[in-house]
Amino acid sequence: MSPQTETKAGVGFKAGVKEYKLTYYTPEYETKDTDILAAFRVTPQPGVPPEERGAAVAAESSTGTWTTVWTDGLTSLDRYKGRCYHIEPVPGEEDQFIAYVAYPLDLFEEGSVTNMFTSIVGNVFGFKALRALRLEDLRIPVAYVKTFQGPPHGIQVERDKLNKYGRPLLGCTIKPKLGLSAKNYGRAVYECLRGGLDFTKDDENVNSQPFMRWRDRFLFCAEAIYKSQAETGEIKGHYLNATAGTCEEMIKRAVFARELGVPIVMHDYLTGGFTANTSLSHYCRDNGLLLHIHRAMHAVIDRQKNHGMHFRVLAKALRMSGGDHIHSGTVVGKLEGERDITLGFVDLLRDDYIEKDRSRGIYFTQDWVSLPGVLPVASRGIHVWHMPALTEIFGDDSVLQFGGGTLGHPWGNAPGAVANRVALEACVKARNEGRDLAAEGGEIIREACKWSP
């Protein structure tokens, strides 16, 4: 071997497995305004120190691997590595802790939720040194927020388009969700809109099945919209689900909706994917369409307490990717603690600036600067007797989305819609007059029934 190519044992670095905390646990680190901050709930394997597990999360979700590699010398790890900068125990849990990780902004592609999630949660959740891992919250820095378009239009522009102010918007999901012909589907849409609803909705799994192809559904729903608008003098809409097997097909359906002149389309953003959702959001802004977002599949990700991601993270990601509405669930009949947590991420959807508040599950102060807000959609098992609570809890900037609570009315679809509208207007009027909706809600609804046709 020539002297030029001879490898000397004393040259290079010491290979082998090294503790992550030696490089990635930095409690002295002061976070920067440009860092993306993450709060992970960590459940480690027995016998592993919290500092090592927190550092492992930071390493495996940024620049690290299980050993030192020679190409580490070709870059600046101090500039690009994630850092576990704080660890705190989870109250009431002996084997869990919250690891706070800071990521330099240069690790992420501008305007890409897909890349952000691929980096932060794409690999580390399968790490065998952890029993479970949950991403509880993210702080998105202003510098990164400004690289996103966000919702196509936002709350105020939507109200201006619809010319509807001072109350929540009313919607209804057409049931049965599967099996209706396009013509019968359009009939149900017309009856609900004519009865007083602002919107009707495709169910999340209505795409283009053999019993009802998408183009037929779009045509009959557009007819229902225009007929109900002519008869009521109000602007109406139906969430036409543009979700499809390819991005190209999705955009084709959105183009057809625009050509029909309808005001809004819909997308299943988790099953459809963030890249598809961002593409559709950009199309909707460029072409004047509102965008309703359904969160189908969210419980696969957010239901487990110890593993996955909290919905507040998915809600923040949606605001960045783009959507004018998103289903947020409802707190009616739930525990008070769940109510506070739900309203925490509802505020993250609507407000420009949200202070850190751990009692509501908000781990970081979030500044959205000028990014438009998203209307939360309260849905799932609600009916007119929930209207006082829904009006009080969600306020005016929301969509109250019924299904069986409209279509299950014993007199039919249109009377069900009338009941929804009468109950809502009665509750809004009572609230504006200073009445206590929590205490007097039932009486308010019964009074309204006397005057409802």
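Each residue, glycine too, has its Cβ placed from N, Cα and C.
Annotated in Swiss-Prot:
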ACT_SITE  LYS175  active site, proton acceptor
ACT_SITE  HIS294  active site, proton acceptor
BINDING   LYS201, ASP203, GLU204  Mg(2+) binding site
MOD_RES   PRO3  N-acetylproline
MOD_RES   LYS14  N6,N6,N6-trimethyllysine
MOD_RES   LYS201  N6-carboxylysine
SITE      LYS334  site 'Transition state stabilizer'
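Sequence features, as recorded in Swiss-Prot, placed on the structure.
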residue: LYS175; record: active site, proton acceptor; Cβ within 10 Å: 16
residue: LYS201; record: Mg(2+) binding site; Cβ within 10 Å: 31
residue: ASP203; record: Mg(2+) binding site; Cβ within 10 Å: 18
residue: GLU204; record: Mg(2+) binding site; Cβ within 10 Å: 21
residue: HIS294; record: active site, proton acceptor; Cβ within 10 Å: 28
Residue pair LYS201 (Mg(2+) binding site), LYS175 (active site, proton acceptor) - Cα distance, angstrom, rounded: 10
Residues flanking the Mg(2+) site, with Cβ no more than 8 Å from the Cβ centroid of LYS201, ASP203, GLU204 and excluding those residues themselves: THR173, ILE174, LYS177, ASP202, ASN205, VAL206, TYR239, ASN241, MET266, HIS294
For HIS294 (active site, proton acceptor), the one of LYS175, ASP203, GLU204 that lies nearest, given that the recorded positions are compared by Cα: GLU204
Alpha-carbon distance [LYS175 (active site, proton acceptor); ASP203 (Mg(2+) binding site)] in Å: 8
Distance [Cα-Cα, Å, rounded] between LYS175 (active site, proton acceptor) and GLU204 (Mg(2+) binding site): 12
Structural state of ASP203 (Mg(2+) binding site), classified by DSSP into three states: coil
